[in-house]
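Everything on this sheet refers to the single structure shown next.
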Amino acid sequence: MAEPEFSSAAASGGGRLRNAFGGVLCAFTLLLIGVLAFSIRLFSVIKYESVIHEFDPYFNFRVTQFLSKNGIYEFWNWFDDRTWYPLGRVIGGTVYPGLTLTAGTIWWLVNSLNIPLSVETVCVFTAPIFSANASWATYLLTKEAKGTGAGLMAAAILAMVPSYISRSVAGSYDNEAVAIFALIFTFYLYVKTLNTGSLFYATLNALSYFYMVCSWGGYTFIINLIPMHVLLCIVTGRYSSRLYIAYAPLVILGTLLAALVPVVGFNAVMTSEHFASFLVFIILHVVALVYYIKGLLTPRLFKVAMTLVISVGLAVCFAVVAVLVALVASSPTKGWSGRSLSLLDPTYASKYIPIIASVSEHQPPTWPSYFMDINVLAFLIPAGIISCFLPLSDASSFMVLYLVTAVYFSGVMVRLMLVLAPAACILSGIALSEVFGVLTRSIKFQLSKLFDDSSASASASGDGSVESSTNTTKSENRNEKSETAPKEKPSKKNRKKEKEVAESVPVKPKREKRLLVLPFELSVMGILLLIVLGGFYVVHCVWAAAEAYSAPSIVLTSRSRDGLHVFDDFREAYAWLSHNTDVDDKVASWWDYGYQTTAMANRTVIVDNNTWNNTHIATVGTAMSSPEKAAWEIFNSLDVKYVLVVFGGLVGYPSDDINKFLWMVRIGGGVFPHIKEPDYLRDGQYRVDAQATPTMLNCLMYKLCYYRFVETDGKGFDRVRGYEIGKKHFKLTHFEEVFTTHHWMVRIYKLKPQKNRVRGKLKKLKTSAKTSSTLAAGRKKNPWQ
């Protein structure tokens, strides 16, 4: 009697030890994945320096500096008079504060611990830190759907996926740095609540959604995807109390918390992006009422009650829909923002809002960009979808729905490849985990079968000692059965149940083994192929992190036979503005460079990357598209003193203002009709050579970029466009060149004072009656017409 108890205790002890070892190994693996996610994003710091990247991060850095210096209350009330002159901008009410508050909190904590880190250092490393957090959140989400193995695999894949690296390298201090973590963690808490029915996790889910709202405008993806999944569960007959607990608190608490964010405010209940969640909320309550009534009434009374409930429910739904339609119809954009309409109708921005279509990251991606950003995951995703249906659960159906919607949105806007990356990693991790599970189980089964055959042959040829030992064990087993049998005395019903269980239990494992066991050689070959495939993926990810996505746009490099060349023209130009202009001087440029000019040169700009005022941007575009005199009048009316243009014709930099010029024409022409795009095209082609139109050759943008350009090589050959420019020798009458960087990438001009504009002999003023009456009336011509 003591021996079985001892063996069961030993087995349970071994199981505990195995679980403990598995938990420690899992924790250590997650730690390594976090280190990998952080370290692979440090190439930009190692190869270049610790510097902020791109354009938007400079505004976020400037706001974080203000927050750390002046405090949270001054931040909420900050009116920035150095942007959008003469309008200004209320910073606290127009930014998503999640990133700024997160980095500011980290800076405060490390300095409280007497670790002297600057605000810039914290901002540079915020994105790598949260990429590790996103990997751990991916593990938790995938674990809820398909187990620990799939979670570890998905976390390791996300730590290296190039699509996420492109937005989270060290120095990429943008909203997506923390928003992707918030997105994945919100989905995890939703699925966790869906699996457990815990109100505690439902509350945490609403708080996580609130953090997502604070961090990024992409929170609307969450508040539309989750209602879609809830509706899918209702339609497919998977309604449960857990579904109600997972969704209802999110809508109520999440909407109330979202309305507290100043940039969102009443948009949380007034815009069309949020109406789907409210409609599904009503449907969910109708379904819950039906299920509640069904549990109280008899089937006959239930039919009568169903008729009443459906009638009242349809009436309420029609009333709500009528109110929503009235609200939507009163808006010229039907209650949708311009970016949302661009997602629903990919041609909308190009037709009606050229300012949105002009942004490169708002363009649809190409097929090579998918292979560049998710690589081999594109081939693993279908296998992951199949795995989610074997078996289908609420969590796995959510994964599939997440993937389908993310694929659509990434196909509309290349920026949303970032939203696709977590879904692709999760589905690929599930697929790899399932495949590895089948292959390793097959090898284990084949090896055990081989060892059993060898042990059977050895026992058949062995001596009688083994035979005696087996006989003794058999007799002990018989004695144990005889001892335990009279004590249990099972009834007839229990005997039938045990017989049914005994007959039904062994059938499933046999079927599973027959279906999932592969030959030994095929299993080994499959594992080797998967390892090679993973190796190619790792090599591609490291290359993308080191070469493709680590270079900061503020510092450019190129390789030639002479070695590595560094182009630091942007910082050179901003440093000149900072040291050689007055603090109150206004600088005009295209909106792409507004954030950098304000943050690095500390000068007032006319427009910047916020793009909230289309008319103001169109005014600058009109000035760049106009002849020199008309452009001077426009800039002078805006109190502009310096004009900055970016030119890449000398060094071959393609993202210069000449290549962006047609968007300036389109945006300007959308507000001021006298600017017409065909006037700048020759037979439908955009040219700056001898075949260019006179309107193009005489506009301000052409003159500011190509002024004195012929002096560089004597021909005026543009390396970006690939031909010689049309108008080579000309002089400026209303602007004067004050600074050109070393590689001619940034050129700065100063507006000439009015008294110095006219050169040569002064013409006698005509004293006609018409002229005198015009001067007496004091009418001033509108410079924008």
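Here the Cβ of each residue, glycine as well, is placed from N, Cα and C on the backbone.
Taken from TrEMBL as is:
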type     : residues : note
COMPBIAS : 455-469  : compositional bias 'Low complexity'
COMPBIAS : 475-502  : compositional bias 'Basic and acidic residues'
COMPBIAS : 768-777  : compositional bias 'Low complexity'
DOMAIN   : 25-427   : domain 'Oligosaccharyl transferase STT3 N-terminal'
DOMAIN   : 584-643  : domain 'STT3/PglB/AglB core'
REGION   : 455-505  : region 'Disordered'
REGION   : 763-785  : region 'Disordered'
TRANSMEM : 20-40    : transmembrane segment
TRANSMEM : 122-141  : transmembrane segment
TRANSMEM : 147-165  : transmembrane segment
TRANSMEM : 177-203  : transmembrane segment
TRANSMEM : 209-232  : transmembrane segment
TRANSMEM : 244-269  : transmembrane segment
TRANSMEM : 275-293  : transmembrane segment
TRANSMEM : 305-329  : transmembrane segment
TRANSMEM : 370-390  : transmembrane segment
TRANSMEM : 397-414  : transmembrane segment
TRANSMEM : 420-439  : transmembrane segment
TRANSMEM : 515-539  : transmembrane segment
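Listed by sequence, the residues of this chain that lie at least six past the ends of the transmembrane segment (209-232) yet keep a Cβ under 8 A from its Cβ atoms are 96-99, 101-102, 175-176, 178-179, 182-183, 186-187, 190, 243, 246-247, 250, 254, 257-258, 260-261, 264, 273-274, 276-277, 279-281, 283-284, 339-340, 397-398, 401-402, 405, 409, 419.
Annotation: stretch 122-141 has the most Cβ pairs under 8 Å to the transmembrane segment (420-439), among 20-40, 122-141, 244-269.
Away from its own ends, the transmembrane segment (305-329) comes close to residues 270, 272, 275, 278-279, 282-283, 286, 289-290, 293, 297, 335 of its chain (Cβ-Cβ under 8 Å, at least six residues beyond either end). Counting residues 6+ beyond its ends, the transmembrane segment (122-141) has Cβ neighbours under 8 Å at 30, 33-35, 37-39, 41-42, 45, 50-52, 57, 60-61, 64, 99, 102-103, 106-107, 110, 151-152, 154-156, 158-159, 164-165, 167-174, 177-178, 180-181, 184-185, 187-188, 191-192, 422, 425-426, 429 in the same chain. Against the transmembrane segment (370-390), stretch 147-165 shows more Cβ pairs under 8 Å than any other of 20-40, 147-165, 177-203, 515-539. Only residues 6 or more beyond the boundaries of the transmembrane segment (20-40), in the same chain, are considered here, and those with a CB under 8 A from a CB of the stretch are 128-129, 131-132, 134-136, 139, 148, 152, 155-156, 158-160, 165, 541-542, 545.
Between the transmembrane segment (177-203) and the stretches 147-165, 397-414, 515-539, it is 397-414 that has the most C-beta pairs under 8 angstroms.
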